[in-house]
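A.B. asks: Marked as active site by Swiss-Prot: D76, D268. The feature disulfide bond is assigned by Swiss-Prot to C86-C92, C304-C346. According to Swiss-Prot, the domain 'Peptidase A1' annotation covers 58-383. According to Swiss-Prot, the feature N-linked glycosylation site maps to N238. Residues or ranges marked as signal peptide in Swiss-Prot (evidence: sequence analysis): 1-19.
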Amino acid sequence: MKTTMNFVFLFFLPLLINAKPKRVTLHIPLVHNGANFYDSKVVSLPLSSPHSQRGLAFMAEIHFGSPQKKQFLHMDTGSSLTWTQCFPCSDCYAQKIYPKYRPAASITYRDAMCEDSHPKSNPHFAFDPLTRICTYQQHYLDETNIKGTLAQEMITVDTHDGGFKRVHGVYFGCNTLSDGSYFTGTGILGLGVGKYSIIGEFGSKFSFCLGEISEPKASHNLILGDGANVQGHPTVINITEGHTIFQLESIIVGEEITLDDPVQVFVDTGSTLSHLSTNLYYKFVDAFDDLIGSRPLSYEPTLCYKADTIERLEKMDVGFKFDVGAELSVNIHNIFIQQGPPEIRCLAIQNNKESFSHVIIGVIAMQGYNVGYDLSAKTAYINKQDCDM
């Protein structure tokens, strides 16, 4: 009997040694800030400018440390670093909800080691071998800066079914400087690709689903891990400098307009509005002029009409078609938003006059869609659906 038990043990020992720990899947409910649609986003790398958060932001409530302390993080696919403001912070913006995080009060907090990154990388990481502390800094084109210490911490998330899940050793930035003044919440939940991105803690899959913004009871969610919703129409993505890049084949304004050459697209939940290169923006403008048959109130920085002009229009889709046929389209009554006086409606797509040929698709254009990512397969999936979990 003993010989048999030894044989069984020796047979399964290699399997036990090589077994990988099962990854956790996090189902995180999201809420949006219900903001007026003001968007001063400046095209930059990383794409998410903190000033864009004066507009619409989808937020995830995550508990940091032990004992747990709530943080309210803005979901951002345009940047890879997850961060929150830490105490003490001599030059940080004022938080309207939840006090600044105190790492000294958590028994699960620890400073993280890192490798020095390329001098021009953004964010930039630097490791001090004497203090054994990794510092980072991130600069935005609108002159906003953040600085702090890279750390690891236990996070706890309340799940949609009333339970909770914990994950240990998650990388995050502990800010000691945040000189922007327009942040929503306590920090950023960075869903870009990077060595210290939270995405790496859960494998290579994640998805987010955004319901209709105008519906108070609409659901919105984020799923991290193998249980992510990666169903729908596939499209190939490229991963460059931490960004997932889609290929735009055509635009839709009532009818499809095929582009002469594919255009690179960033699907960026850190931006409220969408931003087009000048040439592509005027393709949109010309198509609207022909379709609506009414002179707009303005062309720049975005197309604006009297509200009754838009309200008279029949249902019409405005959107984007990607490589392999995946499509993201929004009803025209959702893509035109109040901006300024109540009698004015403006297209939630702006002309980007920077020397930047990419397209940025913001969250207003993503209403009613689930976007799933399988980074290992370099594939994204776009599916129009209800976001109830």
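Cβ atoms here come from the backbone N, Cα and C positions, even for glycine.
Tell me about the setting of these features in this model.
C.D. replies: In the three-state DSSP assignment, the secondary structure recorded for D76 (active site) is strand.
Taken residue by residue with DSSP, C86 (disulfide bond) is part of a strand.
Sequence-distant contacts of C346 (disulfide bond), defined as residues of its own chain at least six apart whose C-beta falls under 8 angstroms from its C-beta, comprise S298, T302, L303, C304, Y305, F336, I337, Q338, Q339, G340.
DSSP assigns N238 (N-linked glycosylation site) to a strand in the three-state reduction.
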A.B. asks: What kind of secondary structure is C92 (disulfide bond) part of, going by DSSP in three states?
C.D. replies: coil
A.B. asks: May I ask which residues of the same chain, at least 6 positions away in sequence, place their Cβ under 8 angstroms from the Cβ of C86 (disulfide bond)?
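C.D. replies: Listed in sequence order, they are K100, Y101, R102, P103, G148, T149, C174, N175, T176.
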A.B. asks: Could you work out which of the active-site residues (D76, D268) has its C-beta surrounded by the smallest number of other C-beta atoms within 10 A?
C.D. replies: D76
A.B. asks: Closest to N238 (N-linked glycosylation site): which of the recorded positions D76, C92, D268, going by Cα position?
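C.D. replies: Closest by Cα: D268.
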